[in-house]
């Protein structure tokens, strides 16, 4: 029998597969089989949106075509029969034409590293196919499933808003106030200079959107769907069989034959279990276009929805119904809609089915508690006939008598209409407001006797608080017949707490927070129902106390918008001179079309191998044995490399590559498996058997390291003035400490490399995503015992780095190169997201202890500080992080008597490393926490204490470097003015007085960010410029393009210096072959240093060619180049910059480590929900001193992207470790970086007028890192809001808020009767699920 063919279309091209592997996902099929590499791998679990494509399906019954976005990483190709797939390549390209969304996202500066851009483009494209003029709500909803680590989202929204109606407006007009009016939050801006600069792009130049020019749905697929009789398709793979029934009868027969086989529609539940949990299903049943599974019908008893409907379709259906029917009939539907709007991203909602969501019964399911309290029923079918069962707590607990039978199929769900005097509410709390699994969720329903007030039925279910969804049915039963009033509230809360219990060591942790949410939700339910009763019967229903009403309102929610005040080019500047102009990232269009090539986009090399790692499952253990036999016996496995193979090459400097006798962290590299495919390598890695013997001590936290004196090297120390004497003369002394959690880099492109032996003289080429090609060259040369001139490292671009692609990348590259050299074959190594997060480490967790002596007016005269960073198991950059922390801890303040000491702690965690800001975001937060506490003690605002202690005019730092603080004062004054500080502070006070359960807070933070490497040698740079005879130029330099736009700026430099159009200048990438002996790209100086080298090369060429140019001033570069060639004058030049003068003597505690300082200030206003811990950033103003901006568009992108990354660090990004040292948060489903829902509603960025700095490139300043710290303005604004909540509740005295300020910490700091009501567990009496490190 001939195998059944799989037929679908990709970008209008027919695809026919005869031998389909059911385990093949669409993403690898597109990338490897079809070589469409524009669709990116970001996480593999549907959490980041990098792999978004559009699927189009034709329904022959309705004659309609449905377009929707999906995650290609979770889409089996077997599910695509009869569909049309559109990828980013299908929209347009640079060779033919661009689609308007591709053009606009690039020209609106919505790309930086560009790795997320194709996914963003496809999400927006799918929206435009359905809604050519979308609303802003539709826009933000469409992009809710896409993550970006670089831009801060705002320019992406700007690009997409150009498709909306009235795209120039924020669409948030309220009380007559709009973003286009120069009034903000009702407070008029009074200053003349607050008028914003012209936009960084011109909408008038954009291509129009013409829906008639889109790809048509393939007519062949329409004909097949309408004319060919449907029949079950079966695809057989090596391990898995895929069955696609096309009628309900065939589906029932398949389920009868294979009762244990899962029925999948979107693969969003089964897929992650298969990929991440190792679940195996030999048979998969996937229904295709079965009409009964898509039924939508209304009857007297309610609404019936087919189990095969996607969650997005359910959302649209319910939204339509609630608009048409009275509220009393649609209580359950409104509650479901509330959760559907935040559940996952658009891609997952379009893939996941209603039936799959119900049957999977995840403990944190958002819909199941609501469906259960709404008395929904499930319509089942099997060979034995139809059956109807309630969607009850017993069903959700999988009780056999209430569950589906293995051979039964869920056909549809009946959702009853609600009745008069019936109220249904939905609650959830997550780490992030959208596209995040709930920490706790709940569905609650109450029915009153006629007339209201007395409970007739009550149902309360919770998710996230147990191994299954839990019902408080006993509590509900005891409350039936009782009146609904506030007097009973405490009784209800205690009853529920007694019934819905959580063990102190419960999975997921956050136990006290979850207990508090259980009763906080119950309180909100009481308020919502009371409000509903009052609407029904104003005279006889309980009235809400005025201070309770705020608990019912959502947090501040408007559409995001921004204003920019950037530097404008001097009118006298030549029009062709690009310096200072907002020029688009020169790879922006290629990012948007998918044509930009990243490391793993490179075509496979002949006989290429794939390498993957086996990592330790223990944090500190002796390796007793390693059994490789079973793994080596698997087909396709070529070799397994251990430390024994590397021998003395297993170390380089302080780093060891593969474990020898011991492992020192979970994620320690044990061995490397090499096979002929990625799949086979990963299968073999699972078969490597390692036996461990645990060792003591196990040190995970900073406190444990201090206890065991486990430090790298000795302390670092700086001191100025006489601290001990100053403490004797101050009015007050306080001591405190703050813990700052670590942060994952979460670059969108994971660690990637391809090593290709050249087959001659031992030469080897390394194509790698790194910030430091020279270091990889050195480490590989040492490993292979080659001279460096035979090892060439090439980097075209990097899909995000932030400091995370230096040390560990080099180790991975050395091992991969060893494998390639040993076997004489190319070897590719691409880490999966979970592997990357487990192995690589991130920002150092930090502990700051401070003792401050100050006068009553707030002036700090003495400060004694101790800093500790959690370095992990190897030194890496930990000592440098401590050094930078100590040098920069003063931030914007003059402390006349300061002693600071720091230690890098050795622990059994993966080695932590550099991350944007490099110690300053942690050290600065310690200082600002101290300032804030001093303010509280003095009864002053933190802004007053900051002003009193701020550097003024020309001053010296605690390490005796002189600088001028004039720009710092300007930034502070301008920020205070632009944010209307005093007016808004008063408005916040009024808001807080009127709202008991919502509070607002505001904070203004100054910034003095030193820029420099600390060493002349580490600051040197080189460049190479060629001029060709056609008048074009090629430039090479040592900097790495990782999203910051350094290549664009270098071409701007060449254009200015050679007076050559930018279109005539090209830059291919970075290579140790063209520019040797480069330094790492980082520290905000990449454009500074390399730009000065490029400038030097250009000036050398100009000087050399000056006689020729002067003789023919009207000539072109083609003329001048030809003349030079004819005269045997070289048209190539090397440029060099030796580095800024930089030094620091740690023995003397003085030096000049930094070339200059970036100054700035940020004001943020937030709103918090005291019951749940949610927060919303309402508005942020940022003022920066940038010198002379080389490219305002790129510089604003750096400031804004860094701010959002810093905001994530200080609020929602939380690493979670087990007490045994295992990292739990290994992907976007567990680790939450900011998404579109998290950005400030208003963002106002201003640059000071240009200022001169003679030593830097065109008086510019590096802005890559400084903005991260300004994110702490959100942290301290939340602190201010929490303080207001505590003061209202009469809670005095100090309290400690550590970073990140997650919903858990916010909620638990807002102490109230509910936090006092929950049971508390004695520390030390239990083993927690997770620990802070």
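All positions are counted from 1 along the displayed chain.
Backbone N, Cα and C atoms are what each Cβ position is placed from, and that goes for glycine too.
Owing to the predicted nature of the structure, the values given are computational and were not obtained by experimental measurement.
Same-site candidate for [2Fe-2S] cluster 1 binding, as annotated by Swiss-Prot with 43, 48, 51, chosen from 73, 78: 73.
Just one of 102, 112, 1127 is listed by Swiss-Prot for the same Mo-molybdopterin site as 150, 801, 802, 1042, 1083, 1084, 1085, 1086, 1198, 1263, and that one is 112.
Same-site candidate for FAD binding, as annotated by Swiss-Prot with 263, 264, 265, 266, 267, 268, 269, 270, 344, 353, 357, 366, chosen from 221, 303, 410: 410. Cβ crowding, taken as the number of other Cβ atoms within 10 Å, peaks at 112 among the binding-site residues 112, 269, 1084.
Ranked by CA distance from residue 1263 (Mo-molybdopterin binding site), the binding-site residues 43, 48, 263, 265, 269 have 48 at the top as the closest. Taken together, the residues in the domain '2Fe-2S ferredoxin-type' (4-91) have a mean pLDDT of 97 on the 0 to 100 scale. The Cβ of residue 1086 (Mo-molybdopterin binding site) has 1039, 1040, 1044, 1046, 1262, 1264 as same-chain neighbours under 8 Å, each 6 or more residues away in sequence. DSSP states for the domain '2Fe-2S ferredoxin-type' (4-91), grouped as helix (H, G, I), strand (E, B) and coil, give 18 helix, 31 strand, 39 coil. Long-range Cβ neighbours of residue 265 (FAD binding site) (same chain, at least 6 residues apart, Cβ-Cβ under 8 Å): 286, 287, 293, 308, 310, 351, 352, 353, 355, 356. Within the set of binding-site residues 43, 73, 112, 801, 1042, the entry lying nearest in space to residue 269 (FAD binding site) is 73 (CA atoms). The secondary structure of residue 263 (FAD binding site), as reduced to three states from DSSP, is extended strand. The C-beta environment of residue 43 ([2Fe-2S] cluster 1 binding site), restricted to residues of the same chain at least 6 apart in sequence and closer than 8 Å, consists of 50, 73, 833, 1227, 1228. Annotation for residue 344 (FAD binding site): spatial neighbours 46, 145, 268, 311, 352, 435, criterion Cβ-Cβ under 8 Å with sequence separation of six or more. Annotation: no recorded positions among 801, 1042, 1265 have CA atoms within 10 angstroms of the CA of residue 267 (FAD binding site).
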